[in-house]
Amino acid sequence: MSEMTPREIVSELDQHIIGQADAKRAVAIALRNRWRRMQLQEPLRHEVTPKNILMIGPTGVGKTEIARRLAKLANAPFIKVEATKFTEVGYVGKEVDSIIRDLTDSAMKLVRQQEIAKNRARAEDVAEERILDALLPPAKNQWGEVENHDSHSSTRQAFRKKLREGQLDDKEIEIDVSAGVSMGVEIMAPPGMEEMTNQLQSLFQNLGSDKTKKRKMKIKDALKALIDDEAAKLINPEELKQKAIDAVEQNGIVFIDEIDKICKKGEYSGADVSREGVQRDLLPLVEGSTVSTKHGMVKTDHILFIASGAFQVARPSDLIPELQGRLPIRVELTALSAADFERILTEPHASLTEQYKALMATEGVNIAFTTDAVKKIAEAAFRVNEKTENIGARRLHTVMERLMDKISFSASDMNGQTVNIDAAYVADALGEVVENEDLSRFIL
């Protein structure tokens, strides 16, 4: 779990997302409260439940990006789902319980990686010895007992040195690796049958888990495979499951996007299997229930839920009252201005202009954007959003792709050249398309 303070979390989010201070503060406080709760003693700790968040704002202002960045900062089980993918229990489609199953799978992967990292040093030593055994099989006497001579030991040390320096990386050897490592069985689940598919997959994996298979591979690949193999042997599967379930129950975060799309519209009274029914199915998860997963029973009482939606057609009050009550913190994200677009193009880490500069640099082309050019690009994107559909910052991708079209196509023939993109260049590339509303609608 992350131990970052709210100020540090907001500072980290500021490197990637422009504006939306209220939303950043809300998620930063929610994330820090997870850590604060874990410092409490029982039974008070059990009584402190997370305050779920509802983020409201037009498309393309940073709701989903906040979730993506939060996932990396949280260092906790995290899953992002689309509310529109689920249907009411009893109908064809995914049930909402699969959210918790997927979250538990995510936790298993996270905890497994953490455990492998803890045991990596020991696993590396054993893997190195197995590689050396394959390169220099120990000499045996007539009774089949291993003999250990000094000369053999000195040769082994010489090979160990070469192995560590990478001199043997491309040499091929034959090694025994666990069949489970090399033969992953993946089964695609039809809608509504995820549980049965999980059981089948576990069965196939268990069948090959104790078997080994001879494989011929390069030493650098063999070393990685053997390290994973040895690290996996040092992990207790039952302990791993329990740690993963604890991580989900105490620190899990679920981000539900497009929640406005499952609001009931108007007085429509027909079958609504993917709207109000889904909201009612979500209720037990959000307020706390027990979900059966292939790893064990998971309680959802202390999982943090963050929901988001544009609410352009529906309103938050169109959610069923019970669900509204389970999302007590409301955060409104504001629409982006031309000045915000200008900042988005230059300020964030790995901004769009930096990405295009780096891409063209691979062809030996140096790209420079003037301040006037950046301002004009931002204004063009903002104007197209006003004239047509407002898709927020996503419009910048379309405008930039149009602007860079000629350079991207000819870059391979421009090695060593420098291209200065100024206001005149932007006007020439985008002018007609931006001014003509019909062209904007179809091209940008």
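Keep in mind that glycine also has a Cβ here, set from the backbone N, Cα and C atoms.
Record check, Swiss-Prot: ATP site residues include ILE18, GLY60, VAL61, GLY62, LYS63, THR64, GLU65, ASP257, ILE306, ALA307, SER308, GLY309, GLU322, and the candidate from ARG130, ARG383, ARG394 also listed there is ARG394.
Taking every pair among ILE18, GLY60, VAL61, GLY62, LYS63, THR64, GLU65, ASP257, ILE306, ALA307, SER308, GLY309, GLU322, ARG394, the residues listed as contacting ATP, the largest Cα to Cα separation comes to 34 Å. Under DSSP, SER308 (ATP binding site) is assigned to a strand (E or B) in the three-state scheme. When the binding-site residues GLU65, GLU322 are compared by the number of other C-beta atoms lying within 10 angstroms of their own C-beta, GLU322 comes out lowest.
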